[in-house]
Amino acid sequence: MAIIPLAQLNELTISSSSSSFLTKSISSHSLHSSCICASSRISQFRGGFSKRRSDSTRSKSMRLRCSFSPMESARIKVIGVGGGGNNAVNRMISSGLQSVDFYAINTDSQALLQSSAENPLQIGELLTRGLGTGGNPLLGEQAAEESKDAIANALKGSDLVFITAGMGGGTGSGAAPVVAQISKDAGYLTVGVVTYPFSFEGRKRSLQALEAIEKLQKNVDTLIVIPNDRLLDIADEQTPLQDAFLLADDVLRQGVQGISDIITIPGLVNVDFADVKAVMKDSGTAMLGVGVSSSKNRAEEAAEQATLAPLIGSSIQSATGVVYNITGGKDITLQEVNRVSQVVTSLADPSANIIFGAVVDDRYTGEIHVTIIATGFSQSFQKTLLTDPRAAKLLDKMGSSGQQENKGMSLPHQKQSPSTISTKSSSPRRLFF
């Protein structure tokens, strides 16, 4: 429970008046719906007019006590499907992602033994006998159909369901669309966060991934696809293959955590589930941007890196909805939150539905993390980015140069150095997928 002196609270609301967007968000989400004055509690639980009057007088010198947690939080479940999805779930668990129920779904019984999820679920026992699908998406789909009741039971009671998987294999590609259909038919907000395979994994795997993504798109509210090839732009040339796949798992984690933290972690700016649902319900293809900085101008740099990474010049301007999360340590200031918000809102379409959260986490002292989910893109736009890297690079250049021209800004858009992969680097990092 956060305790904020009343005088400090007044200063906070006054000082933020220069930014109507930020003031509106704080007043409508944090202060209006989540703050409970200590004097109100005293009046409620102690009888007698004179007693209440006395207590009210005494409470003037008291601090304002605010609870930033809703009485009943949204129930969030993360479903890792197949080997890639199971690995991503393990990564999320080891990173300390909280207030989320984790499930691991697989046809391979041995793989499930390696899962850290508290809820492992083997599917297609009669069909595959626990031996996997051999990379055949059709078997993955049939296995999920065989275990539909078990999957539906696992999803029961959800508000938000994340389905994470590596596209291109058998179980992930085949079963993930079935899991998504069960979730969406039940009325849960369903978000897919999946990877598209590296080019070196072969054409067959890429084609299977595209087919799976098309099926998945029809059964989710929002779909975030992360092309693994883009990780090559930020990874050191000496990065071991195993570490490259770990990096892919970590990007999946950031996509899930960027959304779930907004809902579940008590923050400076509190956003409820209904806000997130308004932006992500039936919103189609989405893109993920991440910026991290610990420099002197960390707020601006983290925001710029999250928004000016490849394709953001085109992407955020044409997005119908934007969800972004600002995370920092106890040293993060209101002005820094305001500066991040100014960067994002200046680049977004004025008609876009924009919501954001600001979270304090001791683990991020000295750093500011900005995660952006931009929604509302067509499936054809996404397919172009996945299948035509040259077109993607062209859009990147056009977006970057056009952004600087149109906005009158001279923002850096440089190729990442290998050192930026370190989470403790003083220079900003960026990812956008």
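Note: Cβ is positioned from N, Cα and C throughout, glycine not excepted.
With a 10 A radius on its CB, Asn87 (GTP binding site) counts 22 other CB atoms from all the protein chains. Residues or ranges marked as GTP binding site in Swiss-Prot (evidence: similarity to another entry): Gly83, Gly84, Gly85, Asn86, Asn87, Gly170, Thr171, Gly172, Glu201, Arg205, Asp249.
The compositional bias 'Low complexity' annotation in Swiss-Prot covers 414-433.
Under the heading N-acetylserine, Swiss-Prot lists Ser67.
Here Swiss-Prot flags 399-433 as region 'Disordered'.
Annotated transit peptide per Swiss-Prot: 1-66, in sequence order.
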For a quick check of packing: other C-beta atoms within 10 Å of the C-beta of Glu201 (GTP binding site), how many?
16
So if I draw a 10 Å sphere around the Cβ of Gly85 (GTP binding site), how many other Cβ atoms end up inside it?
34
Site diameter for GTP, Å, by largest Cα distance between Gly83, Gly84, Gly85, Asn86, Asn87, Gly170, Thr171, Gly172, Glu201, Arg205, Asp249:
19
Other than its own, how many Cβ atoms are within 10 Å of the Cβ belonging to Thr171 (GTP binding site)?
34
